[in-house]
Amino acid sequence: MGRNILASSLQNASFSIVFQIFCRCITFAINAFIVRSVGRDVLGITNVRLLLLESTLLFLSKEAITRAALSSRHNKLCTWAQLINQLWITVPICLVLSMPCLYIWLNWLSTVDEQYYVQYRFGCFAIAFACIIELTAEAPIFVSQVFCFVKLKVVMDTGHIFIRSFVFIVLVLLNKSITIYAFGIAQIISAVTIIVGNYAFFHLYIPRLKQYRNEMKRVDDKYELRKTFGKYYENMEDFPFSSVREMLPGALPNSGSTFNTDLQKLVLSFAKQGILKQVLTEGEKYVMSVSPVLTFSEQATYDVVNNMGSLAARFIFRPIEDSSYFYFTQTIARDLKLVDQKREKVNEACQVLSYVCKTVTSIGLVGFVFGQSYAGTLLLLYGGSEFVEGGLPELLLRWHCLAIVLLAMNGITEGYMFATNTSKQIDTYNYYMAFFSVAFLLLSYQLTNWLGPVGFVLANVCNMSFRISYSLYYIRNQYKDIGRSPLRSFLPGPLFITVLALGGFACKISESYFFGRSIFYHLLVGVLCTGLTLLTWSFENRELLRAGLTKYRERKLSLTSESNLIN
């Protein structure tokens, strides 16, 4: 197999960042439309209550199985037939989970106003149905990830969000009183898009791959074949499927057992961890839904501000985290100490971890410092003067900027830990996660009663601090026997910190002077200070940028040479 895992991970991260920006722009536009014309109560029902149901079902149904399958595929612990069978278990799991979840969402959670209840009930059933049918595409999605079909993922995700948004907007424009109905219908149609798109791709790709293999026996010149077939059929000697039907359960020839015991154990370890992680990730929404500490209008305000406050996490940190996790699972073996693995791979992983941590932490600090001066400006431009009235949205967003720094560090360090943990280490961490989960829920409930929605942000800050501390402790112990550690240079340098602090101070002065007079000049000051800060970071990390530019030029030169050979 000649596929470049690091290059694929970087390409996946870059494409995912672009997709996340596209996705968030559409979501922000829809939320702004709902806030201004339909009302915050409806936004609270759809974006908090219904999306929480979707997140719960999908995460608990597939997260553990997908992560375990990725690791098992890299370590060759099981056959492709066993992997496909395991991935299809997600469908009945989701079906079983949807029954108690629907009962809880309809009967136990805080009540919905009578005028919205019928639509809310339909929305709950629509979300559950959409999740169940969407998981029938989990097998081809997993195959595309393992074999580095990065562009396929981007096209499918973009089509999914575009169709969902288009259907929703059209239905709402026809009748604003059916917003929740429209939300549920759009979810179902977009799920069907995912299924059709992924299976259709492999239905067309597999016969073409067979032709490529037959031509390889006759021609045996990949440059000549690339003229006809393109580059996406090269290095696919280990592609195991001869028909798209073999992606169904039990269809792929299998000489062993139906399921793999080692894979099952790893899935169980991830499952216990996944439940706790879901509580930590969506804990504030669970508290909102179970306890009437906030009205749906306040929930909508918190959700809008939370989404805006986590733009960096959604645009940049999450794609980098996903790609880094994939890279580390394919580079570092779980069941071997680092001293017993290939030194060049360990050194590369150490360097990548250090560089990624430094980069995302720097981005988080930029968001924190400049967010203190521009929180009110962004919210005013987004939701209008009525939305920012009272000062709560601005206060929430400023506190979210602090959480961004911790989100940046936690995503990478915890992702690396999950990618390299053994099953025993995962089980050990589950006990700590249980403690973190309980502490987070208690802090969320108590701090919210004392401080309102700001309490959710402070509880998240405490939670992230606990998790980062544990991840750093794990990384330090893992690398102590090889003579180098990624923690020695994973924080930004002093010059960058100094310029960033001066820029933040200048922006606070600008806010006090320009905000009530000219938003344009206030934004201009922020752009100049941000640009100077980024230039300082680039100067301080010029060796990193030079190495990245060299890699890019080498790749560009290689592609040019191959193209010349073809021509």
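Quick reminder: no glycine exception, Cβ is built from N, Cα and C everywhere.
What TrEMBL says about this one:
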type	residues	note
TRANSMEM	12-34	transmembrane segment
TRANSMEM	86-106	transmembrane segment
TRANSMEM	118-142	transmembrane segment
TRANSMEM	180-206	transmembrane segment
TRANSMEM	352-375	transmembrane segment
TRANSMEM	395-417	transmembrane segment
TRANSMEM	429-448	transmembrane segment
TRANSMEM	454-475	transmembrane segment
TRANSMEM	487-506	transmembrane segment
TRANSMEM	518-539	transmembrane segment
Cβ-based contact of the transmembrane segment (487-506) with the transmembrane segment (352-375), 3 or more pairs under 8 Å: yes
Mind checking which residues of the chain, 6+ beyond the ends of the transmembrane segment (429-448), have their Cβ under 8 Å from one of its Cβ atoms? 269, 272-273, 276-277, 279-280, 283-284, 286-287, 291, 293-294, 417, 421, 454-456, 458-460, 462-463, 466-467, 470
Outside the transmembrane segment (395-417), six or more residues from its ends: residues with CB under 8 Å to it: 301-302, 305-306, 308-310, 312-313, 317-318, 320-322, 324-325, 328, 353, 356-357, 360-361, 363-365, 367-368, 371-372, 375, 378-379, 429, 453-454, 457-458, 460-461, 464-465, 467-468, 470-472, 474-475
